[in-house]
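Look at Swiss-Prot and you will find Arg189, Gly190, Gly191, Lys192, Thr311, Ser523, Arg584 tagged as CoA binding site. Residues annotated as ATP binding site in Swiss-Prot, with sequence analysis given as evidence: Gly387, Glu388, Pro389, Asp411, Thr412, Trp413, Trp414, Gln415, Thr416, Asp500, Arg515, Arg526. The feature Mg(2+) binding site is assigned by Swiss-Prot to Val537, His539, Val542, with sequence analysis given as support. If you look up Swiss-Prot, you'll see Lys609 marked as N6-acetyllysine, on the strength of sequence analysis.
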Amino acid sequence: MSEKIYPVAKPVESHALINKAEYQEWYAESVADPEQFWGKHGKRIDWFKPYTSVKDTSFTGDVSIKWFEDGETNVSYNCIDRHLATNGDQVAIIWEGDDPSLDRKITYRELYEHVCRMANVLKKHGVKKGDRVTIYMPMVPEAAYAMLACARIGAIHSVVFGGFSPEALGGRIVDCQSTFVITCDEGLRGGKPVPLKANVDKAIDIAARGHVMVKNVLVIRRTGSPLSWAPGRDLWHHEEAATVSADCPPEPMKAEDPLFILYTSGSTGKPKGVLHTTGGYLVYASMTHEYVFDYQHGDIYWCTADVGWVTGHSYIVYGPLANCATTLMFEGIPTFPDAGRFWDVIDKHKVNIFYTAPTAIRSLMGAGDDFVKRSSRSSLRLLGSVGEPINPEAWEWYYHTVGDGRCPVVDTWWQTETGGIMITPLPGATDLKPGSATRPFFGIRPELVDAEGKLIEGAADGNLCIADSWPGQARSVYGDHERFIQTYFSTYEGKYFTGDGCRRDADGYYWITGRVDDVLNVSGHRLGTAEVESALVSHHLVSEAAVVGYPHNIKGQGIYCYVTLMAGSEGSEELRQQLVKHVRAEIGPIASPDKIQFAPGLPKTRSGKIMRRILRKIAEDDFGSLGDTSTLADPAVVDDLIANRQNRAEAA
């Protein structure tokens, strides 16, 4: 755990929306009287019919979560229409293509027309309020238009990441019984085409076997490559949009009407369709976007996520647009045409706020500083991290090398199920500790409990729960409320269980230690894999590390480490011994790695998450059935890991 503290710098504090005293005052009010606090802040969005009821929530029994229940609004109206009178000519979306020579700027007025036309196309083909629409798109502006068009007419969107296989897509179409799909002919990532329409065709066949018939596929032309076509079912968007009006009135929606379903992996392997609703979600997404990123009018804001993930929903589309921000959408990958792409884009578009994932930060750190140094990055004033705990070494590199030691880093902890950021620094209010998500956002009451469910006070390690509801919270698992209750509310009665382990330090700062199933039990001692990974990555030759447990006949669990080295470094027995010594020195003898496997890469999903399940199987010498590997970005990585596994002696 890093003991370093970076106090809020005076220039940051003087410019920021919230200072320390205000944070403390607002936070105290938000937990003492959530009704009053959210009653006030719920008004940050426009309501067609104002709410009189603010909070009606119960984490026990049948678990019911309702916010602003009698209010009526529309998300698309709040993200577009209400800005037109004063900011219609402001850029809403900057699109940066996969090819560095391609970009587009879309103003709020243009956004209005694009979204209304797409909404009218949906209506023309029979899509009604409450219908589910599946969106399977690359990072092009039309992905945002599709989401906003659904929200405009009250259809429920289910965005499926464009990297998912036809099987995964088909399963998600069946689960929410979607009969309308929006896609592209192809996507482009790192110069390589992604066969989206072909995948949709296969997924529709799979869905038909599950008795769900897709009626229409709306296709956006991206590359112009030839593709198979089903007349009557398949529709070209550019042809359809030309036949409809550029005005579409927003459907008044009740605050608790569903807005979207987003599938997230569950421990059972069957994805859960996390359900978010209209009013509370938008209040929370927009409020966290404004205060966590200290968003001020005129800032250029870039979140590098994909709209297929919750980060893309809340912090590329809904939060920023509700706040009349300029949001950047990036089609490409961080390493194409080379590992300086992020920094080039920051200079090109004068980005002020940059939000990315630790896995990207670590891989760019491994590529060396020259790619960063060739850019100026002088426009940057704030850096953010999302997706997993960031190890202190990557944090320090991000802060000093990317941000030149002048941009606060907001290390944000949250989940698909939370709708928005939960534990985070606020730039003008929170002293920073590298590796810590720091303090709760307004209205969030974190609690640590032990395995028996007893509340732990003060500095401690425990399971992270949230004691009370907040407006952005998911309401259910689509079509399976019982699973929602069992997954999140049955482990610790009356609390939302996050599934994450956490340490609270003496200053009341929170340190996420990783999923509770990523905790090792070594000779009776609890050890978070994130801690061991952090220790390994703090060695100057290590770019990335993943740690899993495997059965050990003396310790119960042994520690198996997969290590990717910095460019130009070679693995050797000598380096292996060095790393063991290094980890012992960082954490203690209990954390001594038993196996270290040098690997050219780690198995990751296309969103950058490490697939630890695969690493566990290989560590256990049980790679015959690796389960669903359809979401792997690079399957060849797995073959290399199996070929060079370190556990054959035990297995033999």
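Just so it is clear, glycine is given a Cβ too, placed from its N, Cα and C backbone atoms.
Comparing CA positions across the binding-site residues Lys192, Thr311, Pro389, Thr412, the one lying closest to Val542 (Mg(2+) binding site) turns out to be Pro389.
In the three-state DSSP reading, Arg189 (CoA binding site) counts as strand. Among the recorded positions His539, Lys609, the residue whose Cβ has the fewest other Cβ atoms within 10 Å is Lys609.
For the pair Thr412 (ATP binding site) and Thr311 (CoA binding site), the C-alpha distance works out to 11 angstrom.
Taken residue by residue with DSSP, Val537 (Mg(2+) binding site) is part of a helix. Closest to Val537 (Mg(2+) binding site) in space, going by CA atoms and restricting to the binding-site residues Gly190, Gly191, Lys192, Gly387, Arg584, is Arg584.
When the binding-site residues Lys192, Gly387, Thr412, Arg584 are compared by the number of other CB atoms within 10 angstroms of each CB, Lys192 has the fewest. The C-beta environment of Arg515 (ATP binding site), restricted to residues of the same chain at least 6 apart in sequence and closer than 8 Å, consists of Gly499, Asp500, Gly501. What surrounds the Mg(2+) site, by Cβ distance within 8 Å of the Cβ centroid and not counting Val537, His539, Val542, is the set Glu393, Ala535, Leu536, Ser538, His540, Leu541, Ser543, Ala545, Val563, Leu579, His582 from the same chain.
When the recorded positions Gly387, Pro389, Trp414, Lys609 are ranked by how far their Cα is from the Cα of Arg584 (CoA binding site), Pro389 comes first. Around Arg189 (CoA binding site), the same-chain residues at least 6 positions away in sequence with a Cβ under 8 Å from its Cβ are Asp98, Pro138, Glu331, Gly332, Ile333, Phe336.
In three-state terms derived from DSSP, Val542 (Mg(2+) binding site) belongs to an extended strand segment. Look at Thr311 (CoA binding site): DSSP puts it in a helix. Here Gly191 (CoA binding site) comes close to Asp98, Asp99, Phe336, Pro337: these same-chain residues lie at least six apart in sequence, with C-beta atoms under 8 angstroms from its C-beta. Of the listed binding-site residues, namely Thr311, Thr416, the sparsest CB environment within 10 A is found at Thr416. Measuring Cα to Cα from Thr416 (ATP binding site), the recorded positions that fall within 10 Å are Thr311, out of Gly190, Thr311, Lys609.
Each residue contributes its Cα atom, and for Gly190 (CoA binding site) and His539 (Mg(2+) binding site) those atoms are 30 Å apart.
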